[in-house]
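Heads up, here are the entries from TrEMBL:
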- B:34-57: transmembrane segment (TRANSMEM)
- B:69-92: transmembrane segment (TRANSMEM)
- B:98-120: transmembrane segment (TRANSMEM)
- B:132-151: transmembrane segment (TRANSMEM)
- B:157-173: transmembrane segment (TRANSMEM)
- B:203-222: transmembrane segment (TRANSMEM)
- B:228-246: transmembrane segment (TRANSMEM)
- B:258-278: transmembrane segment (TRANSMEM)
- B:284-302: transmembrane segment (TRANSMEM)
Amino acid sequence: MTLKKELRKTVAVSLLSVVFGFILGAVIMLVFGYDPIAGYTSMIRSSLGTTRTIGETVSQATPLILTALGFSVANSAGFFNIGLSGQALCGWVASVWVALAFNSLPAIVLIPLAIFVGALAGAFAAAIPGVLRAYFGTSEVIVTIMLNYIFLYLSTYIVHNSMAKSMLSSKDSTIQVGSHASLRISALSDWTMNSSINGGIIIACIALFLMWFVMKKTTLGFEIRSVGLNPFASDYAGISSKRTIIVSMILSGALAGLAGVVQGLGTYQNFFVQGGSLSIGFDGMAVSLLGAGSAVGIFFSAILFSILKVGGLGMPLDAGVPFELVNIVIASIIFFVGVNYLIRLLLTRKKRREIVAQVDSQSREDGQNKQEGGIL
Amino acid sequence: MSIVATIALVVSSTLIYSTPLIFTALGGTFSERGGVVNVGLEGIMVMGAFSSVVFNLSFSQQLGVWTPWIGCFVGGMIGLIFSLLHAVATIHLRADHIISGTVINLMAPALSVFLIKVLYGKGQTDNISESFGYFNFPILARIPVLGPIFFKNTSSVAYVAIVIAILSWCVLYKTKFGLRLRSVGENPQAADTLGINVLGMKYAGVLISGFLGGVGGAVFAQSISVNFSASTIAGQGFIAMAAMIFGKWNPLGAMGAALFFGFAQCLSIISAQLPLINRIPNELLQSAPYLLTILVLVVFFSKARGPKANGQVYVKSK
């Protein structure tokens, strides 16, 4: 009963955060002389208006689902993985590199190989902060942030110095991967009028199910959650918290790596030098926080973020609103999720008033006592 | 290039690149001494850089050479106001410090570029006309050898930053305010029992970090990038955080670490003019400060712990 109540409250917090975020966005648009209704209408039209834009929205949501899953796995073990962008970048570079280097292999070997190597690269990138935290006690927040920049420059170095000249189409980008290494599925592409939708969404849905299964139904999932709740107690109970931290980081990095694979072999079909950290990293983190780490929550919040991002691209053209408004809305949604204490407080306050109104005959003290018991 | 000229180049570029880091790392020190983790320094720097560039572009005609200095103050004030968001969220609304800091980092570039587009109708500003130039100390510059290296064609703000670092040390370790701030970061319950205004102290820490972080961003924008776009501040806030940890949450240590990171950062910029260094690929030099941070953390400071109650939400009736 209390679990159900808690779940309902979590959902309410997420929904209210989204509503507050959109209201704040509307206020900002009003303040700067834009029409919020026109702005949001053009957002919806540009993201869900045609089958092509729906395809784009699903395509953009795919890597977000994967990075959000990655964040939530590490988060369950009490590990704040801010390095998702770097790990996804590793997966992106590695998968495209493999796809181009072993171009002659048949699709049935090449695609799984490229996916595997991409996930492995992400897992390796995430294992570094995991090992450092487990054995040296270094703060993962700092290490993962630093690694984001190291991998960013490393990927540029690989494109400029390590890749064969025949793989490059210009100084800063590789050629397209062959159709037998691509995640595009012609039926999906045709149906959505050549949007960038691809098989990655299937990978993401499988990952969603698998991670739900691992976290809720297996010993490993139990160990991860147990270490996240209390590493000392877990150690005492015979769970190696060091091993669990590293395993959870490897899982988290592999998922982020997969997000990079989807970018490389699905959405863009090549790799090009990046100017800054991949936005799917921080967005994935935001998606996971909004979805409260649950599979269903992550799926819906990824779609919502994707609607914002894809729809936001249409806003400057249709309503003259700068694209950045979308990122302001996203940041404020996460702000409201972060200050959920306030929202929870408001929710209980409201309920208290209802109870007082309902039970007129009962004395006031009774009602308050009841409520206190309910909160605790 | 003569040896003195080479050393002078390295020293002056190190100072220029260190200054924003010194200011911001000092800010981080105040915030974390009061027990509030501030991952949002990067975002605060963005706001400082943005507001100082807008101020500089608008008032350089009237204010002349003083524009960048006043621009720094404006950047600091905007940083302070922006950090209020982090303060309210973490201190009163019990938000997770890292989530709130990340929101600051997500919000600042979006908000500032949005405003730039509203104000100027394009994604980045023009170059400012009044920037921090090179500065010669009146008499000291004439000292042989040391003069040309440290006091000629050098950065004046860098010396201001060093003075402020020393002042910060005095404030933290020699004043009543500093003692109270540190006690709140170590054991807020005990501090509360002694009648110290815990929440007020925490606010003071975060707001000082907002001001100094904003100044850091303003210095960067007005001496290094000379314009503002989404990519103006790219990682400096995080390096400043690392400098704070490297400096063991001590203002002078943070300053030393910031000088070191400034040196690592400027290497990739001036590498072409330095013998030996110019053979190292630029991408590797660019990642050097980040790599060094991790190495330093692992080798020397893995056991270094910050203020004891850092990052915890303080609830009075505990």
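The backbone N, Cα and C atoms fix where each Cβ goes, glycine too.
Keep in mind it's a predicted model, so treat the numbers as computed, not measured.
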Spell out yes or no: are there three or more C-beta pairs under 8 angstroms between the transmembrane segment (B:284-302) and the transmembrane segment (B:228-246), with each pair 6 or more apart in sequence?
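Yes; at least 3 Cβ pairs under 8 Å.
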Need a quick answer: max count of Cβ pairs under 8 Å to the transmembrane segment (B:69-92), which of B:34-57, B:132-151, B:228-246, B:258-278 is it?
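Most Cβ pairs under 8 Å with the transmembrane segment (B:69-92) come from B:34-57.
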When you scan the chain for residues with a C-beta under 8 Å from the transmembrane segment (B:34-57), skipping those not six or more beyond its ends, what do you find?
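Sequence-remote neighbours of the transmembrane segment (B:34-57) are 20, 24, 27-28, 67-68, 70-72, 74-79, 82-83, 86-87, 90-91, 97-98, 100-109, 111-112, 115-116, 119, 125-126, 128-131, 181, 184-186, 188, 201-202, 204-206, 209-210, 213-218, 220-222, 225, 227-228, 232-233, 235-238, 240-241, 307, 309-312, 314.
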